[in-house]
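Chemist: Quick one: the structure is below, and I'll ask about it shortly.
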Amino acid sequence: MPLLWLRGFLLASCWIIVRSSPTPGSEGPGAAPDCPSCALATLPKDVPNSQPEMVEAVKKHILNMLHLKKRPEVTQPVPKAALLNAIRKLHVGKVGENGYVEIEDDIGRRAEMNELMEQTSEIITFAESGTARKTLHFEISKEGSDLSVVERAEVWLFLKVPKANRTRTKVTIQLLQKQPQGGVDAGEEAEEMGLMEERNEVLISEKVVDARKSTWHIFPVSSSIQRLLDQGKSSLDVRIACEQCHETGASLVLLGKKKKKEEEGEGKKKDGGDGGAGADEDKEQSHRPFLMLQARQSEDHPHRRRRRGLECDGKVNICCKKQFFVSFKDIGWNDWIIAPSGYHANYCEGECPSHIAGTSGSSLSFHSTVINHYRMRGHSPFANLKSCCVPTKLRPMSMLYYDDGQNIIKKDIQNMIVEECGCS
């Protein structure tokens, strides 16, 4: 259902931006009544003749998006000095050197952040017991190994504290990563990372924690995971050290089911239970260590790259984005619209031949590609459908304007500006 809604919205937006709906019988010989958005391609190429119609369509579109029946009438403009002072106080924009108001594009930044978050994967990997005592093994999933840019990586460990009195309230917990022979090239780098030469280990995270209550503790390991991914590796092996835990009776829950029973006695005997001993195995399993990884593909990853929509330059006749800017000053709307100075009323036009319509990056969705596959092969009921040039990516727009009561309104409007076009 969301997909159908999106397709309908994009088609409607494109139609509103470009031209008003034709009256019956007004369609020219090149019109495509079975594909409303395809009518964009039939616009007159003589821009001066078609511009008034375009501008009127843009006006109607803006008023509709602002939920206004008509433009506000500004009878007594607010003095410019008072306006600029209010904008500064409200932090809704800034005044440029030329005196024009520049609205802060918070919504644009949020949209970029949301797009980035959509491209980020979050993976949780539970620890397995390593080959040696007090070591943990984290195997990063196949999906994680396909990602190459680490946004955040953390190891979560549970510190269990008995109710008995303790002589120490703070303990230091260290995460040490075993290095392969020859794994560290530069001596200075190794020294900075805390290389333990006798064990060939690197200190990758350290934290002083409160030993008065049982709780989870988080250890950042982003740089270590990034190095592993850069080296093409998909697993992390760490040794957990807590030299002061035995003084407080505190213990770190380190083990999964593997090797738990054979090590818990030894761990408790030697250092106060650092091996994660506990009477209730199910409860201890709920405190099993895990690695939380947030990562994404790099910009130049082959699966990340996609074909950008074409810009209309007069040399192509296939589906492309046509730039069209309407200045609010030129249309007499700068008396009530404070910012921005105009509207990028971009629209889509061009043909969608069969070899383009189903191409990755040019089609609106996977659904469109499947439909085109059947359409090209003449399968009913898709044989008579036509592929249309429509917006495939839109971005929001922020507006600062006066209402009829001389109030200053800031409104963020979603899906207002066409960024890319493709074949539906």
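Placed from the backbone N, Cα and C atoms, the Cβ positions cover glycine too.
What Swiss-Prot lists as signal peptide is 1-20, and the listing cites sequence analysis. Swiss-Prot lists Asn165 with the feature N-linked glycosylation site, giving sequence analysis as the kind of evidence. The region 'Disordered' annotation in Swiss-Prot covers 257-288. According to Swiss-Prot, the feature compositional bias 'Basic and acidic residues' maps to 261-273. The disulfide bond annotation in Swiss-Prot covers Cys312-Cys320, Cys319-Cys389, Cys348-Cys421, Cys352-Cys423.
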Chemist: Taking Cα atoms as reference points, rank the disulfide-bonded residues Cys312, Cys319, Cys320, Cys348, Cys389 by distance from Cys423 (disulfide bond) and give the first.
Modeler: Cys389
Chemist: Taking 10 A as the limit, how many CB atoms besides its own sit near the CB of Cys423 (disulfide bond)?
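Modeler: Total other Cβ atoms inside 10 Å, all chains included: 26.
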Chemist: According to DSSP, collapsed to three classes, what secondary structure does Cys352 (disulfide bond) have?
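Modeler: Where Cys352 (disulfide bond) sits, the three-state DSSP reduction gives coil.
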Chemist: Here the disulfide-bonded residues are Cys312, Cys348, Cys352, Cys421; which one has the lowest number of other Cβ atoms no more than 10 Å from its Cβ?
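Modeler: Each of the disulfide-bonded residues Cys312, Cys348, Cys352, Cys421 was scored by Cβ atoms within 10 Å; lowest is Cys312.
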Chemist: Quick one: give me the count of other CB atoms within 10 A of the CB of Cys319 (disulfide bond).
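Modeler: Total other Cβ atoms inside 10 Å, all chains included: 29.
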Chemist: Sorry to bug you, but what's the C-alpha spacing from Cys319 (disulfide bond) to Cys352 (disulfide bond), rounded to the closest Å?
Modeler: 6
Chemist: For the disulfide-bonded residues Cys320, Cys389, which one has its C-beta crowded by the most other C-beta atoms within 10 angstroms?
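Modeler: Buried the deepest by this measure is Cys389.
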Chemist: Hey, how far is Cys421 (disulfide bond) from Cys319 (disulfide bond), Cα to Cα, in Å?
Modeler: 7
Chemist: In Å, rounded, how far does the Cα of Cys319 (disulfide bond) sit from the Cα of Cys348 (disulfide bond)?
Modeler: 7
Chemist: Can you see whether DSSP assigns Cys320 (disulfide bond) to helix, strand or coil?
Modeler: strand
Chemist: Using DSSP and three states only, what is Cys312 (disulfide bond)?
Modeler: coil
